[in-house]
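> Pasting the feature list from TrEMBL:
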type	residues	note
REPEAT	244-277	repeat 'TPR'
REPEAT	278-311	repeat 'TPR'
REPEAT	312-345	repeat 'TPR'
Amino acid sequence: MRIINKYIKQKTVLKLQNNMRKPLLMAAALLISAVAFGQKKELKEIEKQIRKGDLTSAQSGLNAIKGSVEGTEFAPQFYFLEAQANIELTKKNKSLASLQNATAAFAKVKQLEGGKGKYTNQLQSLADEAINFAVGQAQEKYKAKDYKNASVAFEQVYRLSARDTVFLYNAAVVAVEGKDYDKAVKLYSELKDLGYDGAETLYIATNKQTKQDETFSDKNQAELMVKAGTHEKARVEKTPSKRADIIKNIAFIYVEQKKVDEAIKAFEDAKKAYPKDANIILAEANVYLQLDNKEKFKQLMQEAAQLDPNNADLHYNIGVINMQQGNILEARKGFEQALKIKPNYADAALNISTTYINEGNGLIEQMNKLGNSKADIAKFEALRDQKDGLFKKGAEVLENYTKANGNVENILEQLKNIYGALGDSANFQRVKKLLGQ
């Protein structure tokens with residue numbers, strides 16, 4: 001019986017505790033309701049202040065309630081008002097800092113409402129105002145060579161309108177111009193992760209009066225201008241993809257920052273993504289050239305030449321690096337291939353000639369070491385004839401180039417010097433006249 005009484009006693013205590021909990025819950029609910037009412041009232045007051053243009057009070061009010069609003073049903077409204085206040089401050093003070101605050105608030109509203117909702121829908125008109133301001137600021141700052149702030153403005157356009165990815169690309173490019181390399185890498189990396197291509201279709205027609213090409217919004221508009229008689233040569237052109245350039249730029253920035261390992265890794269990633277892009281290999285080769293690793297540079301240039309065998313500049317650069325390393329015959333092959341692909345390549349012709357001159361000059365060193373014995377004199381004469389033969393080959397290359405392409409000053413100067421070294425006064429004077437000397 002005692003046990004039963006004890007059980008009844010415990011049950012009674014529990015009942016009393018439950019009865020006490022009800023008023024506590026009611027009190028908590030009333031407190032929450034009061035807080036919510038207070039927040040709603042404060043937000044309405046802030047809304048009025050923004051409408052009246054009292055932005056200082058609005059900002060103070062927003063700062064005061066930010067912590068208490070976070071995580072509540074009023075958070076979307078709070079961030080909408082924060083965006084609105086900062087847009088007004090942006091217009092009033094032309095402040096990029098306020099624009100950045102507005103952009104962050106826009107993003108928060110969209111995040112809280114999942115991209116759909118009352119305040120997300122109301123954002124569009126505000127976003128349009130902000131975008132117009134940001135575009136204007138980007139152009140203004142860029143013209144003033146204030147690249148840091150131009151980059152900030154370009155980036156804000158993208159943050160406000162994610163479909164306009166070209167503005168994120170512009171922000172990265174301008175950040176490089178402003179030597180803000182950390183930011184540039186961050187933006188280029190974002191573009192890479194987005195898979196940004198950047199290729200554009202351009203609708204072009206040539207202005208008859210100015211002879212300048214002009215771009216139109218669509219094919220029909222370009223053709224209408226031709227029919228109107230003000231333009232001609234309506235055409236559609238496609239710009240190349242920027243994907244490879246983005247990866248290359250990341251690598252080049254790392255080179256600029258002396259982050260060699262990161263640069264090389266960036267090129268490895270690029271080659272995996274675009275294994276047949278000779279331009280990526282060329283860019284990597286230039287990194288190794290900057291690092292003074294000429295052997296690796298030459299190897300990569302040869303790889304690029306295999307991928308793009310009709311690229312005259314590639315073969316020319318292979319020639320240059322071989323020339324620097326004293327590989328005269330390999331250098332000549334590179335220059336000859338460049339001239340074969342591009343018959344008017346003056347520098348290639350000049351350097352083919354130079355390989356013969358350098359080879360001939362090497363024989364002069366041997367000649368100067370010889371003595372006066374009969375055998376040495378015979379050897380001297382043989383080397384002299386060989387040297388003259390090489391000089392004549394160098395002259396022949398330049399004469400052939402001049403016949404095919406006309407007079408080029410550098411070509412004629414070298415030709416004159418060769419004839420002077422050969423003691424060929426007739427040809428020396430002839431070329432001198434061609435130079436107007």
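Glycine too: its Cβ is placed from the backbone N, Cα and C atoms.
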> Need one number: mean pLDDT over the repeat 'TPR' (312-345).
91
> Provide the three-state DSSP residue tally for the repeat 'TPR' (278-311): helix first, then strand, then coil.
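Per DSSP, the residues of the repeat 'TPR' (278-311) fall into 27 helix, 0 strand, 7 coil.
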> What does the DSSP secondary structure composition of the repeat 'TPR' (312-345) look like, as residue counts for helix, strand and coil?
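Going by DSSP assignments, the repeat 'TPR' (312-345) contains 27 helix, 0 strand, 7 coil.
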